[in-house]
Structure formats: structure tokens, C-alpha cells
Amino acid sequence: MSPDFRAADSTLPPPTGLAQGQDNDVQAAKGDTHTLEGHMGTFELMMTVLAFTAPIVVVVAFIPFVLVFGGIGAPAIFGIAAVLLLFFAVGYTTMSRFLPNPGAFYAYITAGLGRPLGLASSFIAVFGYVMMAVGTYLLLGVVASSLVDTTFHGPTITWYWLSLVGVALTGVLGYFRIDLSAKVLTVAMLCEVAIVAIFDLAVFRDGGPQGRSLEPFTLHAVTSGSLGLGLLFAAGSFLGFEATAIFRDEVKNPLKTIPRATYLCVVLIGVLYVVTSWLTTVAFGHSKTLEVAFKDPSGMVPHAAEQYVGVWARDVVTILVVSSAFAAVLSVQNILARYIFSLGTDRVLPRALGKVHPTHGSPYLSSLLITTVSAIGVLLSVGADPIALYAKIAGIGGFGLMLLIFLTGVSVVAFFRRHPQHAAHATVWHTVVAPLLGSAGMGAVLYLSITHFKLVTGGSMEEAIILQVALWVIFVAGLVAAAVFRSTRPDTYARIGRQKVG
């Protein structure tokens, strides 16, 4: 029997044990100040988290890097990354059936590995998403400034003013119900996928200078470059899909919506990256692709779009890079606000941050805090090279999120060992084999990240060491905070990981 990537049996009885108690708390909390509201379906949830991956940015920026480091076998490397993350998704979505709260990594690692590691992971999650948010605001300002000046031949506007406009817009959208952001993100995502599909179809129809060669999928091609480094950048391009569970209270029928959206996210972006990276090699010819990638990585895809689709396509790609960056920061804003909300609900952070807007059903105070932090981050970046700084802080943020994916995979196995009554309602594939395969893959990626951290952050070795030490200091601070709560505020300690809601 072939492995089943679906979640565990949908005809399960009500959760018992730990999850049963949480479920009662969640139901009791309906209508109080600690329950978020929304009506997203599978499609809206998928678009909301996919926006974080910024597909058009990946196509323009990440595909050339995977080609540079991984060689002509980049399409197959993207496929390998997708399979590894599907393994992770099997355990992740299965565990979500028995853990009915919206804490995502924070809740899952707590349930599997204990409160100290759970709280430390929440610190890393907040740090990682803040870094990703601020870094993407810098990118947004730069590409928007270039769009106004170069493409539209308008006035020269300094990048940080446009970054701050982006902060203000995401702050407004984040204040309202998630459904509004979901609509904006859906439109942005559909536009991105549409232009990539047009590019792919144009190249496929033409066939390129050397035909539609399948050479990039051969073993020789996959091993022609550094498979490990290629996989490192390929896996990083999927970050964001894991955020589906953070919106648990804001979707319709979460037991079905979250697994469906999670799988569809990985499959959709996996297919998109595999096909588009392959057709990029077709566009230039598999024997010339690497030469182009080394010479002009940032202009590679836009030039191909102009050649195969038309000048208008290059301009549209430029515009969509701006909208993609904005969609990404809006997605991060929503995800991060819900992590802060969970920590406020658990009283790890001030309780006010766990308040829900009485009309919009949004974590409005948490969202306003993120808006303020993002604005401060942009202002502190004035005077620096925004692109170089983007690479550094987005790199450390991405590393932190990959660490959490690894820990969550391990926590799935630990959770089902601690709760055999839940494991009895799922297969060994769902509770042990797939999570371990996913964790092993992410563990390898993490090892490569640590040993090649200079590449991850795009700076000097000294800067790489400082950034990595800073991340581990934050992790240890979470462990220390958990120990302090255990001895001085046992009620707060008991709540860690959304163990109590209300």
C-alpha cells in the first residue's frame, strides 16, 4: 500500500485526554474576549498563507540562486524539497486533529516537547517573523521606488518612505477581520500565479533553443552542483505554508480546512517552482542556463519574460514583485499578530494583547503592536543598504522558522508517544514514519544552514556568527522565562502553549 498523504481518518471520535480538555476550553471561550472570528474556507486560507511565500519573488530571485548553487538539476531539487515538506505536513495535520487550539508551532511544540521548549519556540517564532516582516518592508520600499522611478518614469522617492506606506497599509488591513486581508491576498496571489503561468506556457510552446529537455531531472543533473546548498535555498522558498494552523479559530470547519489548505499549499507551490524552474532552463537552453544564472541572476527571469511573452510581461513582472512583497508583509503581519495574541492570551505577554476587537473579531492590539515594531524597524534601517540588510535579517528569520519546522516534526512523534489514545486513531505512517522523514530532511537543511550561515545571511562571517548567536540567545531566554514562570507564576506556566483558553 502506498503512503497516504491525507490526514488521519476524518471519522474520529472526539479528542480525549489533553486535547479533550483544550477542546472544552475552546468551546467555553466562544464569544468571549479571547476568541478570534473569521469565515475563511480552504481557498481563502491557502491564499492567505501562500502570500507569505511570495511566489513571483521566488521565481525572480530564488530560482536563479538554486540554479547557481544546486546546478542544472534545480527543478528536481525543488521537487525533493516539496516531498520533504509533505512528509512534515502529514504529521503536522494529523496532530492538528487532536490539538484544537490556534497556537501553531507554539502549541504543537509545547504539547510534544513540553512547556519550556514550547515557550522558547514561541520566542523564536516571534523573532523570526519580525525579521521576515522588517526585511520584506525594506525590499518593498526598494522595488516600489524603482517601479515609480524606472518603470513609470515618476519622481524619485526614497525607499523608506514607501516602506512606511506599506507599514501603514498593512496596519490598517490587519486591524480588521481576517476575511478582508484574505480577499486582498487572494487577488494578489491570483495575479502572481497568472503571470507565471503565462510565462510558462509561452516558453513551453516555443520550446527554447535546445528543446524541452528533461536533462534537469536526471541524477547527473541533480548531483552536478551542491545538492545540499540547492536544497537549502529551495526549502526556504516554501516557508509560510506551515502557518495554516495559526488561523484555526478563523476558518470554517478547521478539522477539514487546515489539512486541505496545508497540503494544497505545498503541492501548488511545489508544482509551480518545479515547472517554472524547468521552463527557465528550457528558455535559455540547458547548456547555457547556468552561465546566465551566474552572470545576471536578478535579471534572468524578467529578460526571459520579455523575450518569450513581450515587453509588457517584463513590466508586469516588475509591478507584481511590488504587489508580491506587499502581500508577503500583509501575510506576515496577520501570522505574527496571532502569535502575539496567543502569548497575550496565555499571559506570557500583557493580557491586553490577547484582546479581540468587539466588531471585527481581530487581534487588533497585537496587530497595532506589530505595526509599531515594523515602523521602528524601518526607521532604524535608514542609512543602511536596504537590500544587503534585507538579506541578513530575512536570512536569520528564515533560519529560525526552519528550526521550528524541525522541532515541530520531532514534537509530533513525541506527542503521539505520550498520548497513545490518539495514536490509536491514526496510522504509524501519520504519527511516526512521515514526521521522522520530514524531520530528518529538515535536520539536514538546518545543518547546512549552520555550516553555511554566511550564505544564508549574505554578509561577512563575523556578521553571520553574531546573528546566529543572537538567535540562540533568544531561544535560551525563552527557556529561562519558562523556568521563571514555573516558580513565580504557576498559572501562567500552566497556560503556556494555549493549554488553557479563556
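The backbone N, Cα and C atoms fix where each Cβ goes, glycine too.
Since this is a predicted model, take the numbers as computed values, not measurements.
If you look up TrEMBL, you'll see 1-23 marked as region 'Disordered'.
Within the same chain, residues 77-78, 136, 139, 185, 188-189, 192-193, 195-196, 222, 225-227, 229-234, 236-241, 243-244, 247, 261, 265, 268-269, 272-273, 276-277, 280-281, 289-290, 293-294, 297-298, 300-302, 317, 320-321, 324-325, 327-328, 330-332, 335, 455 sit at least 6 positions outside the transmembrane segment (49-70) and bring their C-beta atoms closer than 8 Å to a C-beta of that stretch. Look at TrEMBL and you will find 49-70 (among others) tagged as transmembrane segment.
Below 8 angstroms of C-beta separation, residues 5, 7-8, 66, 70, 108, 111-112, 216-217, 221-222, 227, 230-231, 234-235, 237-238, 241-242, 245, 258-259, 262-263, 266-267, 269-271, 273-274, 277, 405, 408-409, 411-413, 415-416, 426, 429-431, 434-435, 437-439, 441-442, 445 of the same chain, each at least six residues beyond the ends of the transmembrane segment (76-95), sit close to that stretch. The transmembrane segment annotation in TrEMBL covers 76-95 (among others).
For 116-139 (among others), the entry in TrEMBL reads transmembrane segment.
Long-range contacts of the transmembrane segment (159-178) within the same chain: residues 36-38, 40, 48, 137-138, 140-142, 144-145, 148, 184, 247, 250, 325-326, 329-330, 333-334, 337, 357, 360-362, 364, 367-368, 370-371, 374-375, 378-379, 381-382, 386, each at least 6 residues beyond the stretch ends and with a Cβ under 8 Å from a Cβ of the stretch. Positions annotated as transmembrane segment by TrEMBL: 159-178 (among others).
For 185-205 (among others), the entry in TrEMBL reads transmembrane segment.
Annotation source TrEMBL lists transmembrane segment at 217-241 (among others). The list of residues near the transmembrane segment (217-241) in space but at least 6 beyond its ends in sequence, with Cβ under 8 angstroms from a Cβ of it, reads 49-53, 58, 62, 65-66, 68-78, 80-82, 84-85, 89, 262, 265-266, 269-270, 273, 278, 331, 398, 401-402, 442, 444-445, 448-449, 452, 455-456.
Look at TrEMBL and you will find 261-284 (among others) tagged as transmembrane segment.
Positions annotated as transmembrane segment by TrEMBL: 316-341 (among others).
Among the features that TrEMBL reports, transmembrane segment is placed at 362-383 (among others).
As annotated by TrEMBL, transmembrane segment applies to 389-416 (among others). Non-local neighbours of the transmembrane segment (389-416) in the same chain are 85, 88, 91-92, 94-95, 98-99, 105, 108-109, 111-113, 117, 121, 124-125, 127-132, 134-136, 138-139, 142, 235-236, 239, 242, 381, 422-423, 426, 431-432, 435-436, 438-439, 442-443, 445-446, 449, 453, 456-459, 463, 467-468, 470-471; each lies 6+ residues outside the stretch with a CB under 8 Å from one of its CB atoms.
Residues annotated as transmembrane segment in TrEMBL: 428-450 (among others).
For 465-485 (among others), the entry in TrEMBL reads transmembrane segment.
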Which range wins on Cβ pairs under 8 Å with the transmembrane segment (316-341): 261-284, 362-383, 428-450, 465-485?
362-383
Under 8 angstroms for C-beta pairs, at least 3 of them, ignoring pairs fewer than 6 apart in sequence. Is the transmembrane segment (362-383) in contact with the transmembrane segment (116-139) by that rule?
yes
Can you tell me which recorded stretch out of 116-139, 261-284, 428-450, 465-485 has the most Cβ pairs within less than 8 Å of the transmembrane segment (185-205)?
261-284
